[in-house]
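TrEMBL annotations:
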{"type": "BINDING", "residues": "H188, H249, H322, H535", "note": "Fe cation binding site"}
Amino acid sequence: LSIHVNNWCKIQLEHPAAGYRKIFETVEELNEPIPAKVTGVLPSWLGGSLLRMGPGLFEVGGEPLHHLFDGQAIIHKFDLKNGQVTYYRKFIKTDAYVRAMTENRVVITEFGTAAYADPCKNIFSRFFTYFRGIEVTDNCLVNIYPIGEDFYAVTETNYITKVDPDSLETLKKVDLCKYISVNGVTAHPHTEADGTVYNIGNCFGKNMSLAYNIVRIPPAQKDKSDPVEKSQVVVQLPSSERLKPSYVHSFGMTENHFVFVEQPVKINLLKFLSAWGLRGATYMDCFESNESMGTWFHLATKDPAGYLSSHKFRTSAFNLFHHINTYEDQGFIVVDLCTWKGHDFVYNYLYLSNLRQEWEAVKEAAMRAPQPEVRRYVLPLDIHREEQGKNLVSLPYTTATAVLHSDGTIWLEPEVLFSGPRQAFEFPQINYSRCCGKKYSFAYGLGLNHFIPDRIVKLNVNTKETWVWQEEECYPSEPLFVPTPGATDEDDGVLLSIVVKPGADRPGFLLVLDAMKLTEIARAEVDTIIPVTLHGTYKP
C-alpha cells in the first residue's frame, strides 16, 4: 500500500495482535548467507551490500537486558548481485558479548542494564575491581560507517569496532581516547566527498569544565596508514553547564559551518562517576533534565575552525536525536530537525518492557511521552544590535523566526514541517551524497506510531507533502536512499528498508521502493525473523 497524503493520520494503523514484539526477540547468527526469494524486478544497477546494525541478543544467563539499546550488537547484510539476493548476520565479537557468553552473565554495564556481580568474588575483590576504574561498553549496536578503506560498527562510547563488510568478521576494537580528547563520539558522523569524517563528542575542557569537541578524521592515506590514528580536534564548543554536558546524538554541518544543538537532557557527571560505585547503576541513571535552560544552538566555522561565541541562539525545550539536514542560504543557516517537545528524556520510554506491552498499553505510555515534530529553525549569520525585537529572518520560503533580545540572545521559533499526534517522522535520510549541507527538497523517514515502526514516509520539506508506504502487520526500519547512477532529479533512486512481517512464511524481507513515488519495485524475502535494526549503510 502506497499513499500520497497531505494528512497521513487519516490512515493510522492499529496493532492489536502486538506482532511488533517479535522485533525485540533474540535470534541466532547464521553459519552462511541464505538465499532470498525475490518478487518484482530489482534495478540492474543496484549491486552492493546493505549493512545494518541493531540488537540481536536480549537476555544473558537467563537475565533480561532492559533497554532497547542494551541488546548485544548483531550485523545484518543483504547482498544484491545480478538480480539475486542473499541475507547474512553475525554477532559482533565485542568484549561485552564475548565476556557475557563466557561468564553467562552481563559483565559490562550497558545503557539500561547493570552488570551482574561475579558470584565467585568476595566483597574485597569486588571492592578492588571497582577502584580499577569504570569499564565502558563496546557494544556497537547503533550504526556502521566507513573510515578510509575500513568499516566500523559503533555505539556512543570511545570504543569503535572494525569489521569486515564481506565476511562480517570482527577485526579489532579501537579506543578513540588514544588519539583524541573525547569521552565518546556520536554514531552519526558526517562524511565529505573525499572521505573526510567529522564527528562530535563530550570532552573535558579547560579548568575542569565540560565541553564538546568536533573531531576530524582524514580520508584514506596514500601510505596505507590508519586514518583514525591521524584524528584531530578541530574546534571546541563550551557547555552551558560546567559539570553537566548535554546528551549529543548528532550534529549539523554545512559547507562552511558546524551546528550543535545543546538540549536540556543532561549527563550528571558526578552521578555518572559515583554510579559505578553503586552496584546496579546504569548510564540511564545518570541522565537528568534541566527544566529551565530551554535549548541552545551553537555555531562554529569550519575553515578556519572557530567557535562563534557572539551568536547566542535560544529556543524552548526539546529532545533531539537526529538532524535531517543543514544548509546555508542568503546569509542564514537552515536547520531541519526531528524534535520531541519538552525536557522529559525520550529514552525513558524505550525500555523493552514498555515496547513489548499489549497495543493499548503501548499507546497509553506514548501518550505520556514527549510529542514528536519535524521542525525547521533558521539562524541568521549577520546580527546587528539595532534590530532588537524584529524578526531577522528574511528568507521568503519559511515562517521560522529569529528575534534579537536586549541581552544579546536571539530567540528562535520554528516552522513546523510535519506534526501528527504520537506519529513521529524519525530515523531521517536524504540523498546524502548530493544534498548534505545543501538546499534540498526531500527527506525519507521511518514512521513511528506510538514508538512502533509501521510505515516509511517521504516528506517534501518545501511543500510539506507526504507519501506513505505501509502494509498490514509489517514493521519496517530506517529507509536508506540509493541514487540512480547519473540521475538528475534529487529523488531519482530507491529506498532500502528491512521489514519484518511476523506471521508470514518468510517473515523478514528487504523492501526496495521507488523513492519518487514510494511504490514497491521489489522485495527479497528470507525464512528467518530479523530483529529491530537502528542504522546502517549501503556499500556499492
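Using the three backbone atoms N, Cα and C, a Cβ is placed for every residue, glycine included.
Bear in mind that TrEMBL entries carry predicted annotations, made automatically and left uncurated.
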Neighbour count (Cβ, 10 Å) for H249 (Fe cation binding site): 20
Other same-chain residues whose Cβ falls within 8 Å of the Cβ centroid of H188, H249, H322, H535, the recorded Fe cation site, in sequence order: V142, N143, T186, A187, S250, F321, H323, F427
Those residues of the chain, 6+ apart, with a Cβ under 8 Å from that of H322 (Fe cation binding site): H188, H249, S250, L337, C338, E426, F427, P428
Cβ neighbour count (within 10 Å, all chains shown) around H188 (Fe cation binding site): 20
